[in-house]
């Protein structure tokens, strides 16, 4: 039988003399040490984040095959591409509220479960409308894990450890980006598609969609073996449970029994938690009302100064980042295809992106090619996607170093400005090689930026507002992604320079605006 925390404390008082009667979060976590527990935690959270990358980019490889099976028009493909992003917008607020009211761990588990079930059902979908709904649910589910995993990991770490560990988390996103073209290459190449069409009725893209849902199931199973964050538990007044988590961390990191953990009790954010005060005083019947009041109080503080200013800056930064990132990543294959086609037609000439897109002969040939539905994906698309994914490794690996040496704010500012310059430079490329280089530079910087931005949000806002702040920031980003895809699709063949300059300007403006964020030692934290 598992012993209660009070008995463990009693044994500790008898066996261990150097005791600390009461400690806040930072003191308690420093005594729990840093070691094996944090490594296990990083791996599990990394797998979750890689799963988020896989789920987010699945659709880009499915479209050619699904287009043939469902006989999709250009309008249908546009709706399908937007449906996960719309789901993300709705999911952000829902998962943020669940994370702040019920816990980070349960919110991530539920979001991964929704993503897994949506992937399985979508692989079996017999109609386009059902497939569309399932992809909406994929976006709705996966966005919860995408943003809350940063809060979950960060709230097991001290201030000293946080930047390094959260920076390392970004490496796993790129692992997911690198894995998915390999899986797609195995299942969606021309020979496999021909074999399935000749002998089987179940399209390989459906197997691909189902396989891409399996990491969500694996991730939620792994997370079930980990505890809720002690930071969250303290904020909800569950100090005994938080203390037990610290004891587990100490035992795992040092190899010593739980009773040797020297902290006997915890103090922290519980004093301001009205919901728990009501429960403690016997007013359980008013729990729902108190929860509503608690959320409203958090929002009231969130929309007061200086938090309103912080929220506006981080929201605008993620809007500008995702406007360009999600749009260009979705459209790079089309841009590559148009350049490849132009070079085949004009082998001795070079052209700018504007000239390629204004070339009527090239454009007509491309649309003529799409009229005859071809479910296979050109091998160059896989190779280009793989190269872009590999280009992110250097920045991901060195992110923790630069965050520690120069600070998150300056990393955010510099990378936003450099990615903006890379976006504008698309107007000057004149070959597929040059556009591949520019796209690799763009992806290398933009792929790490949301992780850095989330790290900044975690430090800007106190625990009871952190998940909501992350949810609002992420919602702004997904609205930007929807806006960017709509604008780019409308203006691409009219004048592609306009959206390119717009995206570059948004990135540079976001970088300059982030200069106004305070340094870590100037953050205002309310406990």
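Using N, Cα and C of the backbone, Cβ positions are placed for all residues, glycine too.
The transmembrane segment annotation in TrEMBL covers 40-62 (among others). Within its own chain, the transmembrane segment (40-62) is flanked in space by residues 80-81, 84, 108, 112, 115, 119, 135, 138, 142, 145-146, 149, 152-153, 156, 165, 168-177, 179-181, 184, 188, 205, 208-209, 212-213, 215-216, 218-219, 222-223, 226, 252, 329-330, 333, 377, which lie at least six positions past its ends and keep a Cβ under 8 Å from the stretch.
Feature annotation from TrEMBL assigns transmembrane segment to 82-99 (among others).
Under the heading transmembrane segment, TrEMBL lists 106-133 (among others). Through the fold, the transmembrane segment (106-133) approaches residues 48, 51, 55, 58, 66, 70, 72, 76, 79-80, 83, 91, 95, 98-99, 140-145, 148-149, 152, 206-207, 209-210, 212-214, 216-217, 219-220, 223-224, 228, 467 of its own chain, all at least 6 residues removed from its boundaries and within a Cβ separation under 8 Å.
Outside the transmembrane segment (139-159) by six or more residues, the chain places 26, 29-30, 34, 37-38, 41-42, 45, 48-49, 51-52, 55-56, 83-88, 90-92, 94-96, 98-99, 104-105, 107-108, 110-116, 118, 165-166, 169, 216, 219, 229-232, 249, 451, 454-455, 458, 463, 466-467, 470-471, 473-474, 478 with a CB less than 8 A from a CB of the stretch. According to TrEMBL, the transmembrane segment annotation covers 139-159 (among others).
The transmembrane segment annotation in TrEMBL covers 171-193 (among others).
The feature transmembrane segment is assigned by TrEMBL to 205-226 (among others).
Per TrEMBL, the feature transmembrane segment maps to 310-332 (among others).
Annotated transmembrane segment per TrEMBL: 385-403 (among others), in sequence order.
Annotated transmembrane segment per TrEMBL: 410-429 (among others), in sequence order.
Per TrEMBL, transmembrane segment is recorded for 435-461 (among others).
Taken from TrEMBL, the feature transmembrane segment covers 468-492 (among others).
Annotated transmembrane segment per TrEMBL: 498-517 (among others), in sequence order. Distant neighbours of the transmembrane segment (498-517): 310, 313, 316-317, 319-321, 323-324, 327-328, 353, 409, 412-417, 419-421, 423-424, 426-427, 446, 456, 460, 484, 487-488, 491-492; these residues of the same chain sit at least 6 beyond its ends, with a Cβ under 8 Å from one of its Cβ atoms.
If one looks beyond the transmembrane segment (468-492) by at least 6 residues along the same chain, the residues whose Cβ comes under 8 Å of a Cβ in the stretch are 78, 81-82, 85-86, 88-89, 92-93, 95-97, 99-100, 143, 146-148, 150-151, 298-299, 302, 307, 310-311, 314-316, 318-328, 330-331, 357, 450, 453-454, 457-458, 460-461, 498-499, 502-503.
Beyond the transmembrane segment (385-403), the same-chain residues lying 6 or more positions past its ends with a Cβ under 8 Å from any Cβ of the stretch are 163-165, 167-168, 170-171, 173-174, 177-178, 181-182, 332-333, 411, 415, 436, 439-441, 443-445, 447-448, 451-452, 455.
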